[in-house]
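Participant: Handing you this structure, nothing more for now.
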Protein chains: 2
Amino acid sequence: MKDDTVQTSDALQHQFPLEGWGITENQLDDWHHLLSETLFALGNGYIGLRGTAEEGNQRTAADSLNGSYLNGFYESESIQYPENAYGLARTNQFMLNVPNAKCLTLMLEDETFDLQQGRVDSYQRHLDFRTGLLTRTLQWTSDQGRSLRLHSQRLVSFENKHVYAMSYEVTPLNFSGEIKLLSAIDAAVKNITAGDDPRVGSAISGPVLHKLEVKQENDISAFLHRTHNSGLSLATAMQNHLQTESSYTSSLQQGDDKLEQQFTIRAVQGQIIKLDKFCSYFSSRDYPAASLLSLSQQALGKVREQGFAQLAASQQAYLADFWAQADVHISGDAALQQGIRFNMFHLLQSVGRDGKTNIAAKGLTGEGYEGHYFWDTEIYIFPFFLYNKPEIARKLLEYRYQYLPQARERARQMSHASGALYPWRTIDGEECSAYFPAGTAQYHINADIAYSIKLYMDATADMDFLLTQGAEIVLETARLWMGLGHYTRLPGHDTDSFCINEVTGPDEYTAQVNNNYYTNAMAQMHLRFAADIVRQLQAEHTEQFAELAAKIHLQADEANAWQRAADLMALPYNKERGIHEQDDSFLNKKVWDFANTPKENYPLLLNYHPLVIYRHQVCKQADVVLALLLLSDQFSLDDKRRDFDFYEKVTTHDSSLSTCIFSIIAAEVGYQDKAYDYFMQTARLDLDNTHGNTHYGVHTAAMGGTWLGIAYGFAGMRIKKGQLSFAPVLPVQWQDYQFRVHFQGQLLEITVNQTHVEYRLLRGTALQFQHRGQSLQVTEQQAICKISLHQAELIHA
Amino acid sequence: MKDDTVQTSDALQHQFPLEGWGITENQLDDWHHLLSETLFALGNGYIGLRGTAEEGNQRTAADSLNGSYLNGFYESESIQYPENAYGLARTNQFMLNVPNAKCLTLMLEDETFDLQQGRVDSYQRHLDFRTGLLTRTLQWTSDQGRSLRLHSQRLVSFENKHVYAMSYEVTPLNFSGEIKLLSAIDAAVKNITAGDDPRVGSAISGPVLHKLEVKQENDISAFLHRTHNSGLSLATAMQNHLQTESSYTSSLQQGDDKLEQQFTIRAVQGQIIKLDKFCSYFSSRDYPAASLLSLSQQALGKVREQGFAQLAASQQAYLADFWAQADVHISGDAALQQGIRFNMFHLLQSVGRDGKTNIAAKGLTGEGYEGHYFWDTEIYIFPFFLYNKPEIARKLLEYRYQYLPQARERARQMSHASGALYPWRTIDGEECSAYFPAGTAQYHINADIAYSIKLYMDATADMDFLLTQGAEIVLETARLWMGLGHYTRLPGHDTDSFCINEVTGPDEYTAQVNNNYYTNAMAQMHLRFAADIVRQLQAEHTEQFAELAAKIHLQADEANAWQRAADLMALPYNKERGIHEQDDSFLNKKVWDFANTPKENYPLLLNYHPLVIYRHQVCKQADVVLALLLLSDQFSLDDKRRDFDFYEKVTTHDSSLSTCIFSIIAAEVGYQDKAYDYFMQTARLDLDNTHGNTHYGVHTAAMGGTWLGIAYGFAGMRIKKGQLSFAPVLPVQWQDYQFRVHFQGQLLEITVNQTHVEYRLLRGTALQFQHRGQSLQVTEQQAICKISLHQAELIHA
């Protein structure tokens, strides 16, 4: 069960001034460390650093989590069940809190700089989405009256995934004397323990990282560690570069869990002391363990040569390019504008892009869900990258291909003689869900992955990917449905249907059902897609297809069997009510007594036994409603409206994956107020901490869902017969909005204002697309196409 | 999940000579300690002692479990879930291995008597069902050539639940010299740990029992301990009484975990040395903790005065009375005769009879299922006591009444505003099932308990029980169905049905379904019974009813609501096939591929993920078929035959609760060979260790099922309109069989031979009953009624 749920009890919030390109904290906030550390986190898809200050947080541990994470770098532990059963996930993997290399301790004579002591004269912290810098500027006076100015900057390099850097400037304002700067790597770090909260990290006690080697020479200090169970090695290194006109000495210190370089400076009042610190992580997931220390040295040598300013310039250039391709602009709603860019910035910071890593439910910003990857990637986040940075989208698919062998192995464990079953939650490809009713039972993960490959092929026509990886994934996962489902005559039917029993759909408030609509409809799409691929490759890439068929022992009749199962797929529909049934029995369950459920009893899962929830007609999140979006073509607008009306009444949105989908369908069926309300609940979910658990990390799926809300929702973007299609509306709260879409190598900008829609080809030669069913074109020559917003507009009250 | 399943892999067996009234081991068996310790266990429903020798077993711990248990005396521990959820069982309770007071060490000069050393010259161990004595007679020669004869006897008193006693006679055969007898209480005992096996005990590490006090004076030694978590206190005491013509000295020793009395004897060749040892347990579950030591002293003083011989005589008298009431006699099948008596003897030894304890799934013979009580009691074991020792049957019901407050509390946890929900497995009334799909989801436990109360009332007309306890249980548990179920229009129905969703029936290979036939049919019976009680008490016991109604806040319209729900209960039936459907979706599931399931893949639950099993049409045990028995009147013989035919094909009998029920229905529908085969699989289940796990304890439900197989099965006994009814058949393998039934204060003996059935009134004034629908009577005056076996006999091939 993924209980990424609203915490109604005294959810902490952190109020930021509204601004377009960043978040700023203008006052030291002593009480929201855990929350602000998440919001001010930096990352590059590989390294993630929570926004803890360099000098740490000297308050109690519960207030702060000084987390440093590496995407895909995990420790494993055996899962203990109070009652065991065959085939349950055996080993958990969790994203490890790795040695903290950003430690800086500042001493003024015998006093230690500590914002919780002395007096803070001025303070500002700023995270800038365009520079990628986390900056802190403050003035502080110690208990003994020494005043200093501090200006620190930090970045995690987008250019070089192994590197991050800091610049730390101290100016003594009213004194001269000895200043010490202690720059350290602290390896005495731990993951937080879970207690009863399933949303946070694992409860391994005892040390996880074992020291293998230490290197300290010149200005470089480095640890080499190995994890206890997963057997992964990691080099953590730092290089310090002090710039000052004052005289100083430097020395190296070594402790069991600490490597330190101490600078003792004869500081002069008014003279800036500047320490640039460069840090790196190299792990055996990328390189042989024996080479990690020397790789660290080389990398640090290189960035030291570049210097902090050069790294900052590269960072800014990378982001300039990103925003040029991906920015979403909204006029008239500053809060939303900030939320959307915050979300996109964090997505970029969180996403793995090396084909070996993916994007965790909480990105690299916290330990919620233990750094696991879910279907969130394919259904909620993948489209954002596909249409904005398609090269990253491909890497996300390559990750799935990388772990196809484990998915095959899991299928065998689940007694399937052929095919592959992807894990519900994982880091390294193994099933890590310890609650199968809302884990392994969510077989739809297979179709979700196939769906994202279909989306990818539509948007990129990347045959190389299909031939080398994509087809193999789609075919192997399609096979699983054949073993999972079977033909039977359902009550009230005249013919046999292909039925899929004992699965859980997206809605985790309904578990282990028969013929979950979403699952079956997505399986139908999946089986047809797989059969299409077979036909296409057989015809057009005969030789490569033969190789693939041989590799996976594909039988001649399999594609036909897939087609038949798809054609006869059971898709529960209630004729009387004209709605799609979430599963065979959903409509026969008792409707949840919403009227008598007090507000504090939400999220339901924290207040009712699973059996009580499962027994009722109540949804945690979009299920049929998600199918209405993903398989949009298969439903009439009336269908969609009836389904929306019905499921809205029984959905709690206790999951953060829900409101964005409801917003999109509301926009489509003409419920503009609802579309806007649901969208607002998604777009500032983390910035306003509306689910009350952002301190465990950001909600990357909702962040992806924000972009979907703009593109799929308000702009009505769909893929129809391989073409982009739009049906834009403009919320009354906005003056205009603008976003961009990469499609088949071209870049289209869509601007919607109160009267017009403007389609502009920013890159490429020519693009055909549809606007409310009307075929339009932009070309290099005629790059702009303007059309009245309300033309052919269908709005249903 | 209760995985009391067949172990196909090298199941150990222990071959005993066939005899009518006991089991005998004629050769020391070094390899089956764990198994024989279970089979030779002694108990009195309160104390249970595994059949370990007094001197223990010096081999590795894996070979032996020197277990001493007290019914209802438990330690508790918090249950840790890898993914937590609201309302899951929080605390496990497990039957504690308590201090071992039967330790005797025998030394011959510098040699220790140890059957794994030296030479065993002769050996016999015998458990006698008529005397209740476990006797060991052997002759042994030490490595240095000293020979001795040993004759030991042990009993656990049926008269005084707190006491057990041993008599230990040693005769030096070829030497005179110093013999030491060290008689001890060993408190350094531990429960076995589970590892991955859900059938055995808990994995608490560290000491559970904390020593509070020690008392050693005269010949009495006693410990007072308290458990760490459950806070229960226990006094363990012993008193030794040495009888010898030789001179001896005695001394007392005290260790941290051991109290010992040492006898040093100047033994003379040929002279018997006899030590009588009396032991007792008193716990704070029965008495104030402060009184336990003095109670122990008093009890031991009394039995010491009686002496072992007197205790043995009482024991024999108690058993003579038991067998006079309860014996089942079979001619022509010695193996079966032995198995049946073995089972009845162990049932008597296992059953709690103080109203505070019940009968555990493994009795008091081992740590399987941690000493928990299940529905096994009411459905499989209760009838044996009801018809053979009704006073014990009442005590079993009183146990449920004792824990009605906890059942109410559990109902609140499960979000029911009123009513009571009994735990699926428990010792002290709290839900201990850590796997809710096959635990709490088995709501039928409520109806099972109500059913046993109905059975009890039919057989005893004990209005005192109904008025003071029974009605309150039935009404409170009936209420739960109203909160659990609801009215809805099922597909293909013209009217609303009362539906019960998201439950698990008896068959644990199908979980969390809608309208499980067994559950709904039993709920229907339960609701009608509850409504009947309300009507009856209102009319006949107005005042007491008013008190009860006030106590449980019974509303005026509740009984009518129960009646209506019962009348409109959804009872899935397939008209085309003419069979009752196990649940709404059972027939639409894929049939398990039995043809391609290798023998070693049974039991399925040890070889397939629960989702794989749940997805298929496959049963672990009788489900609908059990309803055919319990609600016999509601089904025609044709119904029963069709259901039997259908469910037999898809049932694996992986549960030990299955074959006895299939045997009974097979007998009823005329499948005599099958009836016999299934019965044989039940009757010697433990003696032949056919499920391969008897080393963890006997299977009390199957033991109860054995008696059901005779009475309900071959004799076709049912209650019809409050009367006993029979329809006997005789398996061709037998000459005759005989059993007895207590009914409404009278005792009837039924003898079936190849030509006749003889009904004989052994006690009472007059009894009307039916024989194949024919009304018959026996009276004090005309005590015998003979009738042709085949008269009106309906046998369907």
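Note that the numbers count up from 1, one per residue, in the order the chain is shown.
Glycine is no exception: its Cβ is also placed from the backbone N, Cα and C atoms.
Annotations for this protein, taken from TrEMBL, read as follows:
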- A:24-285: domain 'Glycoside hydrolase family 65 N-terminal' (DOMAIN)
- A:341-707: domain 'Glycoside hydrolase family 65 central catalytic' (DOMAIN)
- A:TRP375, A:ASP376, A:LYS620, A:GLN621: substrate binding site (BINDING)
- A:GLU508: active site, proton donor (ACT_SITE)
- A:717-778: domain 'Glycoside hydrolase family 65 C-terminal' (DOMAIN)
Participant: Note down the number of other Cβ atoms within 10 Å of the Cβ of A:GLN621 (substrate binding site), including every protein chain shown.
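Facilitator: The answer is 26 other Cβ atoms.
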Participant: With DSSP, how much of the domain 'Glycoside hydrolase family 65 C-terminal' (A:717-778) is helix, how much strand and how much coil, in residues?
Facilitator: 0 helix, 42 strand, 20 coil
Participant: Sequence order is fine: just name those binding-site residues in A:TRP375, A:ASP376, A:GLN621 with a Cα within 10 angstroms of A:GLU508 (active site, proton donor).
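Facilitator: Close binding-site residues: A:GLN621.
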Participant: Take every residue in the domain 'Glycoside hydrolase family 65 N-terminal' (A:24-285), average their pLDDT values, and give the whole-number result.
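Facilitator: Summarising the domain 'Glycoside hydrolase family 65 N-terminal' (A:24-285) by its mean pLDDT gives 92.
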Participant: For A:LYS620 (substrate binding site), just give me the three-state DSSP call.
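Facilitator: Once the DSSP labels are grouped into three classes, A:LYS620 (substrate binding site) ends up as coil.
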Participant: Taking each of A:TRP375, A:ASP376, A:GLU508, A:LYS620 in turn, which of these recorded positions have a Cβ less than 8 Å away from a Cβ in chain B?
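Facilitator: Sorted by position along the sequence, the hits amount to none.
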Participant: Would you work out the biggest C-alpha to C-alpha distance among A:TRP375, A:ASP376, A:LYS620, A:GLN621, the residues that bind substrate according to the record, and give it in angstrom as a whole number?
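Facilitator: Output for substrate binders A:TRP375, A:ASP376, A:LYS620, A:GLN621: max Cα distance 16 Å.
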Participant: Name, in the order they occur in the sequence, the residues of the same chain whose CB lies under 8 A from the CB of A:ASP376 (substrate binding site) and which sit 6 or more residues away.
Facilitator: A:ILE359, A:ALA361, A:LEU657, A:THR700, A:ALA701, A:GLY704
Participant: Starting from the Cβ of A:LYS620 (substrate binding site), draw a 10 Å sphere and report how many other Cβ atoms land inside it.
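Facilitator: So the Cβ neighbour count for A:LYS620 (substrate binding site) comes to 27.
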Participant: Looking only at Cβ atoms, how many others are within 10 Å of the one on A:GLU508 (active site, proton donor)?
Facilitator: 29
